[in-house]
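Features of the protein shown, as given by TrEMBL:
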DOMAIN    1-102  domain 'Neurotransmitter-gated ion-channel ligand-binding'
DOMAIN    111-194  domain 'Neurotransmitter-gated ion-channel transmembrane'
TRANSMEM  103-125  transmembrane segment
TRANSMEM  137-154  transmembrane segment
TRANSMEM  166-189  transmembrane segment
Amino acid sequence: MLYPNGTLWVNYRVRIKGPCAMDLTNFPMDIQTCHLIYESFNYNNQEVRMRWNPANPNPVYPIGTILLPDFNLMNIQTTLVVEPYPAGMWDELHVKLSFERRYIWYFLQAYVPTYLTIFISWVSFSLGPKAIPARTMLGVNALLAMIFQFGNIMRNLPRVSYVKAIDVWMLVSMSFVFCSLLELAIVGFKVREKSGGSKKNSGINVISAM
């Protein structure tokens with residue numbers, strides 16, 4: 001649209017599919033930030049000036065409600081950056097999109113079963129030192145269940161070279177179950193040592209009586 005004062009109004013509707021670098025360090029309680037940059041391809045700011053509309057406090061806003069399966073759109077921030085290039089200065093319009101992960105699914109699929117598995121492994125403490133087979137079965141089954149659960153969660157996540165929060169959680173949880181098995185081994189050793197000592201004493205008493 002050309003105005004009488006020489007102003008040219010150009011309006012484009014563009015559909016953009018851009019990448020977003022994700023940081024999964026705090027997964028599944030993470031917040032992901034995606035960036036979009038708009039700038040002129042051929043013309044620097046001496047020929048084309050780019051500005052956000054100062055009359056609109058929210059120049060970028062979603063049309064309707066955005067429903068994503070894993071994230072909630074938290075915030076949209078816009079900034080203007082003047083970027084130097086060898087051919088001059090370019091105006092860049094930056095859009096920062098912040099997404100918060102929906103962690104309820106992971107809470108129900110990872111955290112709650114992990115709690116239950118640890119509590120089940122602790123049931124062996126109330127069985128007494130004589131029930132070694134039952135305590136062993138509880139501890140080993142709890143450890144295998146947690147390893148299977150951890151592998152099932154990792155199968156649905158992208159491979160990264162750093163440790164995530166859920167990795168720390170699962171490893172600490174497996175450490176609790178392993179400690180219950182270690183306690184079982186110590187108790188079994190003490191019981192066997194005590195029973196062996198009592199047998200020796202009974203043998204000595206029999207010999208002395210003869």
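Numbering starts at 1 and runs along the chain as displayed.
Yeah, the Cβs are placed from backbone N, Cα and C, and that goes for glycine too.
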- For the transmembrane segment (103-125), what are the same-chain contacts with Cβ under 8 Å, counting residues 6+ beyond its ends? 28-29, 131, 134-135, 138-139, 142-143, 145-146, 149, 153, 166, 169-170, 173, 176-177, 180, 183-184
- Query: Over the domain 'Neurotransmitter-gated ion-channel ligand-binding' (1-102), what does the predicted model average in pLDDT?
  - Reply: 90
- Structural state census, the domain 'Neurotransmitter-gated ion-channel ligand-binding' (1-102) (DSSP three-state): 0 helix, 40 strand, 62 coil
